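Below is one structure; the comments refer to it alone.
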């Protein structure tokens, strides 16, 4: 289950755009071995709101493109498909029948800015940011170079499989 909450008014959000991002999320989850009914919240915000959230949660007072709030714990350098192969979850990890993976907060305003900066489509940038964030929900990180390489490789593999190119 993907819950979409549009909390901004600067960018138009069509059903087609929302459906596309939901399909991207579902595909990324499947590719990462999430074979259980799950829940992700996808929030669309503007630069001001993501700046406020970034400041409140990370003590960084600036806008960013996407924030991820994973609900599951992972051992260092391990991801979902390496840790939860037996679907060994506690009851607290669920909302009804759905495993709660976490929240994705996406600044659509920043996604548009970056699409222009990187000279590719807005849809491609939003798709990339959603894949990036979903991978964070599944335990990926990019603080160390080795982890960054692993994460970037998975991002590109997923986007390429979806035929979403620069």
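Backbone N, Cα and C define each Cβ position, glycine as well.
As given in Swiss-Prot:
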- 132, 136, 142: Zn(2+) binding site (BINDING)
Residue, out of the binding-site residues 132, 136, 142, whose Cβ gathers the largest set of other Cβ atoms within 10 Å: 132
Mapped DSSP class for residue 142 (Zn(2+) binding site), helix or strand or coil: coil
CB-centroid shell, 8 A cutoff, Zn(2+) site 132, 136, 142, site residues removed: 68, 133, 135, 140, 141, 151, 155
